[in-house]
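Straight from TrEMBL, the features:
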- B:27-494: domain 'Cytochrome oxidase subunit I profile' (DOMAIN)
- B:21-42: transmembrane segment (TRANSMEM)
- B:62-85: transmembrane segment (TRANSMEM)
- B:97-123: transmembrane segment (TRANSMEM)
- B:183-207: transmembrane segment (TRANSMEM)
- B:227-250: transmembrane segment (TRANSMEM)
- B:262-280: transmembrane segment (TRANSMEM)
- B:292-316: transmembrane segment (TRANSMEM)
- B:344-364: transmembrane segment (TRANSMEM)
- B:384-404: transmembrane segment (TRANSMEM)
- B:416-436: transmembrane segment (TRANSMEM)
- B:472-495: transmembrane segment (TRANSMEM)
- B:526-547: transmembrane segment (TRANSMEM)
Amino acid sequence: MSSELEREIGHDEFDPVGTLGLITIYFLILVVLWIFMYFVEFAGGDLTVVGVVV
Amino acid sequence: MSTESGTFLDQFPAEAKVVRTAFYSSFVALFVGALMGILQVLHRTDVLRIVDSADYYSLLTLHAVLLVLSFSVFFLVGIFTWAVTTSLDRGLQDLRYTWAWYGLMALGTLLAGIAVLGAFIPGLDMSAAVLYTFYAPLQAHPFYYLGLALFIVGTWLAGLDWFRSWWAWKKDNPDERIPLPTFMALTTTLFWILSSAGVAVSVLAFLLPWSLGIIDQVNALLTRTLFWYFGHAVVYFWLMPAYLLWYTMLPKISGGKLFSDPLARVVFVLFLILSTPTGIHHQYLDPGIAEGFKFIAMVNTMFLLLPSLLTAFTVVASMEHGARQRGGSGLFGWLRALPWRDPVFTGMALAGLMFAAAGFSGMINAGMNINYLVHNTWWVVGHFHLTVGTAVALTFMAATYWFLPQLTGKAIWSKSLGLVQVLVWFVGMTFMSNSMHRQGLIGVPRRTAEPQYSGFDYEVAVGSMAELNMQVIIGGTLLFISTLLFLTVVVMTVIGDKVDGLPDNGYADTLSGPEDAPLVLDNLKLWAGIAALLVILAYSLPLAAIITRGGILGPGGSPSPQFVDTLLFVGRVAADTVGGVIA
Ligand code: HEM
Ligand SMILES: [Cu+2]
């Protein structure tokens, strides 16, 4: 493995910006899906549970 | 790190044999389990029904028990045994003891398997079509319960084995930090024993005597609650070894180092504390448990987001570190520098990606009110085929391509086929799980041999039922093919010849090491104590309420709204306590 390494990056030089970017995108997807869920569950018609029980 | 370099087999031949045997047992279970999986797919979609629909539930029980207990757990005891041995750099204390726990686990699987398969032998009055959750009043042959109990006791003894290694090591190294892989194995063992004690009580005190005819009846809600007391923690029992691999192998394979050892320790401590007092979130729809207790379980569940997000961050950052060391650059350009041709890497990375997707469906499951929308539908099955069925299973398969040479001294027969295998699994699961989620949303039930109803059509908002079923069929078939490819590579590797020049045994270094982690993190007694305390807080009142109302052996119950009962009960306890203090 180590033969493929081009450079050594120590703790202080490493700034995981790409990770921050990916996690932010993931978080946005979650938020969008969460909002989408509202339409699937509620806006589509009856409230699933209340509508059935009452 | 090691006294003698070389593969794990060179360093610890006897331990390598244990791990190898555990892995092979796990692969046998995987094969039979996957065969049941494809049969279920074909049965439900009415493509091929080779068994009577009444027997479908035996297949399903076998599928679940073999995959989530035998396949996952045999593999993970192998991983933990490797992790402890490698990171402490010492052999196990007593191999006879080690083989004894392996033997118990194997015997347990065999007994449970026989009980399930007995249903197919004409004239034999044996069956265990109780599904993986074995809710009373469904009843199984005593062998089933006995088998589960032996299996679980086997895993406890395995955990003790790792502790014995650590205790012995600590005597020789009194001032050293617990090496990270060992720390992970030990914290996992602690919550596993704490949580599986619940299911052990359910099986040994109630279900086994009941199926033997010693007692006439059980309190169904009590045994169910004891099951779920273990039922959420067990998912972390499967997941923690996958995390161990993501934290300690993935960075190395990516060409980098683990971003932070202290963060990894914090994550495992959080799982130790939080994994058990959440089980009631599987019972949001159970009558007989007050809403307040369900709410507490929901809050505890939401806290689990914290270690999950910490893991996402640490693992991805470690991969990024590797990619940048390999010359990657740019905000996202480094992703291309990762070793995508290596099945070990790609399998684990795709497993992690699927786990991220499962994070969303998990959030839906976890919310008390939204859960009603998906409870007991195929959505849930879609969800856990992403988690245990892929995040864990695919990580284990990918890791096998690294472990097998370490355990046998032989090179992987075909790494390219391995790469194809992990990709096929990913694609297959994308189809199957996506469709299961969508079917669940329109109300298709899980655990149903014939989910077709006359005079009723599902209202599919987008696409059609035929399209959804086609996706499950394609997905299930790809998954089965992927399993066969995996087993082919394993068998061909194992029957091959030994080679020289295999990579040395080892695991990832860290960017920020244990010296940066507060000492208190290694205080296992403290964390185990807090875990036990949280369990008492979360469970003593619900269990007391269930027993007072339904009787220890049930059945019983009152039709009044349950929260009234609970309020009365809490009031009575409070009054008694106050009375006790005053008197
Ligand atoms: C070959 C790949 C697989 C296929 C085709 C497959 C297929 C299925 C299907 C169709 C069901 C639902 C049956 C129903 O609701 O009626 C199911 C249930 C289940 N599967 Fe899989 N599966 C596969 C792999 C796995 C893996 C790898 C795991 C875990 C490690 C797993 C764990 C489970 C569990 C726990 C259940 C639920 C059983 C129950 O309801 O009691 N499966 N599987
Ligand atoms: Cu859960």
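Even glycines carry a Cβ here, placed using N, Cα and C.
Because the structure is a prediction, the values reported are computed rather than measured.
Ranked by the number of CB pairs under 8 Å to the transmembrane segment (B:472-495), the listed stretches B:62-85, B:183-207, B:384-404 are led by B:384-404. Away from its own ends, the transmembrane segment (B:416-436) comes close to residues 41, 341-343, 346-347, 350, 354, 378-379, 381-383, 385-386, 389-390, 394, 397-398, 401, 468-469, 471-472, 474-479, 481-482, 485-486, 488-489 of its chain (Cβ-Cβ under 8 Å, at least six residues beyond either end). Confidence over the domain 'Cytochrome oxidase subunit I profile' (B:27-494), given as mean pLDDT on the 0 to 100 scale, stands at 95.
Distant neighbours of the transmembrane segment (B:62-85): 8, 12, 15, 18-20, 22-23, 25-27, 29-30, 32-34, 36-37, 40, 91-92, 98, 101-102, 105, 109, 112-113, 116-117, 131-132, 148, 151, 155, 158, 161-162, 165-166, 181-182, 184-185, 188-189, 234, 237-238, 240-241, 244-245, 248, 388-389, 392-393, 396, 399, 403, 406, 507; these residues of the same chain sit at least 6 beyond its ends, with a Cβ under 8 Å from one of its Cβ atoms. Using a cut-off of 8 Å between Cβ atoms, the transmembrane segment (B:21-42) and the transmembrane segment (B:384-404) share at least three residue pairs, counting only pairs 6 or more apart in sequence.
The transmembrane segment (B:292-316) and the transmembrane segment (B:526-547) are in contact, since at least 3 Cβ pairs between them lie under 8 Å (pairs 6 or more apart in sequence). If one looks beyond the transmembrane segment (B:526-547) by at least 6 residues along the same chain, the residues whose Cβ comes under 8 Å of a Cβ in the stretch are 187, 190-191, 194, 219, 221-222, 225, 229, 269, 272-274, 276-278, 280, 288-290, 293, 296-297, 300, 520, 562, 565-566, 569-570, 573. Residues 19, 23, 26, 30, 67-68, 71-72, 75-76, 78-79, 82, 235, 238-239, 241-242, 245-246, 249, 253, 343-348, 350-352, 354-355, 357-358, 361-362, 410, 412, 415, 418, 421-422, 425-426, 429, 432-433, 436, 486, 489-490, 493-494 of the same chain sit 6 or more residues outside the transmembrane segment (B:384-404) yet have a Cβ under 8 Å from a Cβ within it.
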